[in-house]
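Since the structure comes first, as structure tokens, the remarks are kept for the end.
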Amino acid sequence: MAGAVIVHHTTRYKTYPGEITGIVVFACLIASVAGCIFGYDIGLTSGLTSTEPFLVKFFPSIYEETKKQVVVNQYCKFDSQLLTLFCSSLFLSAMTAAFFAGPLTRAFGRKWTLFTAGSAYVCGAVLGGVSVNFPMLLTGRILVGAGVGLSIQASPLYISEMAPAQQRGMLNIMFQLMITVGILTANMTNYFASKIPGGWGWRIAVAFGAVPAGVIALGSLAIPDTPTSLIQRGDTATARKTLAQIRGVGDVREEFDDLSTASEEAKAVENPWRELFFGGKYKPQLTFSLLIPFFQQLTGINVIMFYAPVLFKTVGFKQNASLVSSIITGLVNVFSTFVAVLTADKVGRRALFLQGGTQMIISQILVGTFIGLQFGMSGTGAISEQYAMCIVLFVCVYVAGFAWSWGPMGWLIPSEIYPLAVRSAAMSVTVAVNMFFTAFIGQIFLTLLCHLRFGLFYFFGGWVLLMTLFIAMLLPETKNVPVEEMAHIWKKHWFWRKFVVDTSPDARSAEMRKRIALEMS
């Protein structure tokens, strides 16, 4: 197996003239802010679920439960399906929006899908900030979810199509970096909003999400659409001009011709959804479009980020201390993502997946063990300062491992492996699966914590072990491979080559010669 994988590191792929330009960096930066609004809402939600004035207004029964002056099961005191429904509603909305994002990006382009996403998020954030009842709050949350679903489908596609192959990993990881910046910004906003007298600071925190969303909406008006999208929609003159502009060279004929060829092949596919699921040509891509987002959620990262303040309060931290601990993990998340930014195009995607996965497994086992030794199966008792610090330390080690592996790679790999014919549809599948399992895991996390207790961390650790083995055996290396040539990595892989249907003229000729030879014999 190892020998089959090494082939992908030594194979030389086509390189096009040009270099990374200022307009590419600017355009990818604007698109990557989509990650910021996604991350902001993850961090915002984690703070709101432990903010007393917010709980008093919308979830009074949970507030009353947390204030009871009796010894309670620490694992179960936040278990509420209504609270988790609020957390999950955004992701169910985003999942639905992702299915509309595919046709939108195909028909109107990546740029205008980003504009629509930013506008929807702005409306939802403002509505949430002025909410006076739960239905109003939920409506704003659903609009925000629509913005998230549209943007995180279009953004990685946009970046992968704009970036030169040699810098695609670095530029695409800006999306994940922005997720971490969004989480950190939300954690800090939650902390300072909690200091505002009168208990209305949470409204500022909810409405503040309109700021990065406004950057997407306005910024999308100032950036070009991708040459791939322009060619796909028939605007070849603008596509050639844009390609020359973003590559910084006058002669882009070779890359333009390859993009045009890919577009012609894509136009032959009348129904991308049917082709993706039932055509038989894209089994490796379909496998990864389903399993990468599924596994990403089963790392347990979003439940850590959703409920970090709740988790830290559960193990004994006070209100402000739990928010401060969330800021610490947010800072670790941001700075650790820079490791992936600097190394993804050097050491490759597989190395980061494997190292980060190993680190996460060890950390989850240790966090579960520390919590189990302190609370046992009963969930009663108090936690010592030493134990609390150990838990925060290994949560940070876990977050660091995720931040340079399954965090950025979980978005990078899906955005770069799909052929143009099914790219929008497949990315919609990836986002929808991601959002569904984000919502599902978020919905059941507090119940799982209540019933599995410290074993929940062993549960996620077992999944990380499984997915690390999956990557080790089945993911070919994709660094420095042009998107238009990505099909070759599957044809050379020890496992996937058995499932890839080669429809190239050379392959058809070889098959015909083989058939004639068999008939003559």
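The first residue you see is number 1, and the count goes up from there.
Backbone N, Cα and C atoms are what each Cβ position is placed from, and that goes for glycine too.
Curation does not apply to TrEMBL; its annotations are automatic.
According to TrEMBL, the transmembrane segment annotation covers 20-40 (among others).
Taken from TrEMBL, the feature domain 'Major facilitator superfamily (MFS) profile' applies to 27-479.
What TrEMBL lists as transmembrane segment is 82-100 (among others). Within its own chain, the transmembrane segment (82-100) has Cβ neighbours under 8 Å at 41, 45, 49, 58-59, 62, 137-138, 141-150, 152-153, 306, 428, 431-432, 435-436, 438-440, 442-447, counting only residues six or more beyond its boundaries.
Feature annotation from TrEMBL assigns transmembrane segment to 112-132 (among others).
Annotated transmembrane segment per TrEMBL: 171-194 (among others), in sequence order.
If you look up TrEMBL, you'll see 200-223 (among others) marked as transmembrane segment. Tertiary neighbourhood of the transmembrane segment (200-223): same-chain residues 23, 26-27, 30-31, 33-34, 36-37, 40-41, 44, 47-48, 51, 53-54, 111-112, 114-115, 117-119, 121-122, 125-126, 128-131, 140, 144, 147, 151, 182, 186, 189-190, 192-194, selected by CB-CB distance under 8 Å and a gap of 6+ residues from either end.
What TrEMBL lists as transmembrane segment is 323-344 (among others).
Here the transmembrane segment (356-375) has Cβ contacts under 8 Å with residues 74-75, 299-300, 315, 381, 383-384, 387, 390-391, 394-395, 397-398, 400-406, 453-458, 460-461, 464-465, 467-468, 471 of the same chain, all six or more residues outside its ends. The transmembrane segment annotation in TrEMBL covers 356-375 (among others).
Nonlocal intrachain contacts for the transmembrane segment (387-406), taken as residues 6+ away from its ends with a CB within less than 8 angstroms of a stretch CB, comprise 176, 180, 295-296, 299, 301, 304, 308, 312, 315-317, 325, 328-329, 332-334, 336-337, 339-340, 343, 352-360, 362-364, 366-367, 370-371, 373-374, 467. The transmembrane segment annotation in TrEMBL covers 387-406 (among others).
The annotation transmembrane segment is assigned in TrEMBL to 426-449 (among others).
Residues or ranges marked as transmembrane segment in TrEMBL: 456-475 (among others). Packing against the transmembrane segment (456-475) from elsewhere in the chain are residues 1, 287-288, 291, 295, 298-300, 349-350, 353-354, 357-358, 360-361, 364-365, 367-368, 371, 406, 413, 445, 448-449, 493, 495-496: each is 6 or more residues past its ends and has a CB under 8 Å from a CB in it.
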Considering every residue in the domain 'Major facilitator superfamily (MFS) profile' (27-479), what is the mean pLDDT value?
86
